[in-house]
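According to TrEMBL, the feature transmembrane segment maps to 20-48, 69-91, 103-125, 137-158, 192-210, 231-253, 265-285, 292-311, 341-364, 385-406.
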Amino acid sequence: MTPEMLYALRDQAGVPSHPVLFLILGVLTFALHIAAVQVMLGASALTLRGAFSAETHWRRLAAAMLTTAKIAVSVAIVLGVAPLLFVQVIYDPFWYTSNVLSAWWVIGFIVALIGGYMAMYLFYWRNHDLVRDGARGTAWMVLSVALLLVGFIVHSLTNQMLFPEAWMQWYAPGGAIDPSGRSLHYWNLPRFGFFIALSAPVTGAWLYAYRRYLIGAGEGDAVYLDWVRALAQRLMVAGGVVAVLLGALWMATLPAKMAWFATSPWVWLALAALLAVVALPLVLGPQLDRGLWGYGIFGAGAVALIVVGAAREALRYVTLLGTHGYDALDYRIQMDWYSTVLFFVTFAVVGGVTLGYLLTVAWQAGQQRQGTYTPGPRVTALGQWSVRLLVLWTLAYFGVGLWVWLR
């Protein structure tokens with residue numbers, strides 16, 4: 001597959017803004033998406049571990065983590081759309097080809113996602129009080145492991161796009177065309193395992209934030225708080241070690257054209273970021289119980305995931321440029337200021353205000369243990385502005401579309 005052939009597969013209409021913008025946004029949104037995925041995986045594992053335990057602390061944690069897991073799936077789906085869109089924009093010759101080669105699995109991705117999500121919700125629906133009643137409907141929570149299949153499919157598609165030299169062999173093995181799309185053609189289990197193993201330290205960081213939230217709400221069970229802290233630290237240390245080992249195995253199994261990455265500054269930077277997050281609770285000590293420090297562990301983890309996401313993007317960009325002569329940053333630009341401004345206004349203003357209102361209400365309601373929660377004047381005003389902005393955005397979106405259509 002020559003560079004000329006790859007460039008011919010591009011969208012000849014160009015891109016609506018500079019490609020570097022899509023590259024940066026792809027890294028940021030991937031990091032947020034994978035953080036939600038890892039919280040979901042870790043929370044699901046803790047739910048399975050605790051829901052069937054005879055220990056009250058484990059069952060209490062399982063109840064909290066079940067709620068966390070089902071919300072994290074929703075967040076992961078919403079945030080997962082963005083990095084896929086950005087990849088499609090600047091790496092379209094590679095992403096679409098990979099999808100066509102494994103089209104059956106692309107459709108199966110949707111089926112597995114729906115099935116895993118429904119299984120988790122059915123388990124949630126059958127267990128209203130895990131602390132008092134224990135778990136029922138075990139099979140449903142176990143079936144939610146289908147969400148791991150979803151991740152593996154995306155892992156394979158993401159790797160297949162990096163091997164244009166193998167596309168013809170995959171499409172026509174032995175010279176006989178196979179248009180079925182029933183095969184996943186390439187994967188790297190250490191790489192997949194690395195991102196899955198990161199769910200342990202990320203979930204540990206989440207537990208530190210969960211613990212700090214309980215302290216702020218006046219939690220009186222000091223034994224439970226100490227137990228959660230010990231569990232969080234174990235997850236961060238043990239999970240961090242496993243993730244680093246799998247990462248090293250991933251580096252050792254890189255194909256020849258990617259071997260440069262194993263000793264690149266990107267790998268050392270990502271390693272330093274992950275180790276710093278694991279060590280942070282030990283450095284902070286008693287400060288974890290004061291101010292925002294307890295939440296800061298998860299924030300630092302998110303920053304580390306951005307570094308990991310940047311390293312992952314560097315691997316893709318340099319491999320396609322150095323080996324295949326494809327530069328994602330020289331895409332022809334057809335500047336569309338309206339869509340660019342609309343994106344950032346939607347994300348920062350409409351999304352910021354609306355999400356800020358929802359998070360504020362959820363936060364304050366959770367911190368109030370007695371009586372009925374009633375939002376204050378400022379929070380109420382924020383909610384009213386959220387509705388106004390959503391209405392204005394909807395009118396502007398369809399209004400401009402109608403104007404363009406009628407021209």
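All residue numbers here begin at 1 and follow the chain in the order shown.
Every residue gets a Cβ built from N, Cα and C, even glycine.
Across the candidate stretches 20-48, 69-91, 265-285, 341-364, 385-406, the maximum count of CB pairs under 8 A to the transmembrane segment (103-125) is reached by 69-91. Away from its own ends, the transmembrane segment (341-364) comes close to residues 373, 375, 379, 382-383, 385-386, 389-390, 393, 396-397 of its chain (Cβ-Cβ under 8 Å, at least six residues beyond either end). Below 8 angstroms of C-beta separation, residues 37, 40-41, 44, 47-48, 51-52, 73, 95, 98-99, 102, 105-106, 108-109, 112-113, 115-117, 119-120, 122-123, 126-127, 184-188, 191-192, 195-196 of the same chain, each at least six residues beyond the ends of the transmembrane segment (137-158), sit close to that stretch.
Here the listed stretches are 69-91, 192-210, 265-285, 385-406, and the one with the most C-beta pairs under 8 angstroms to the transmembrane segment (292-311) is 265-285. Counted over residue pairs separated by six or more positions, the transmembrane segment (265-285) shares at least 3 Cβ pairs under 8 angstroms with the transmembrane segment (192-210), which defines the two as touching. Outside the transmembrane segment (385-406) by six or more residues, the chain places 338, 342, 346, 349-350, 353-354, 357 with a CB less than 8 A from a CB of the stretch.
Residues 34-35, 37-39, 41-43, 45-46, 64, 68, 148, 151-152, 155, 228-229, 231-236, 238-240, 242-243, 246-247, 249-250, 274, 277-278, 281, 288, 294-295, 297-298, 300-301, 305, 308 of the same chain lie 6+ residues outside the transmembrane segment (192-210) yet bring a C-beta within less than 8 angstroms of a C-beta in it.
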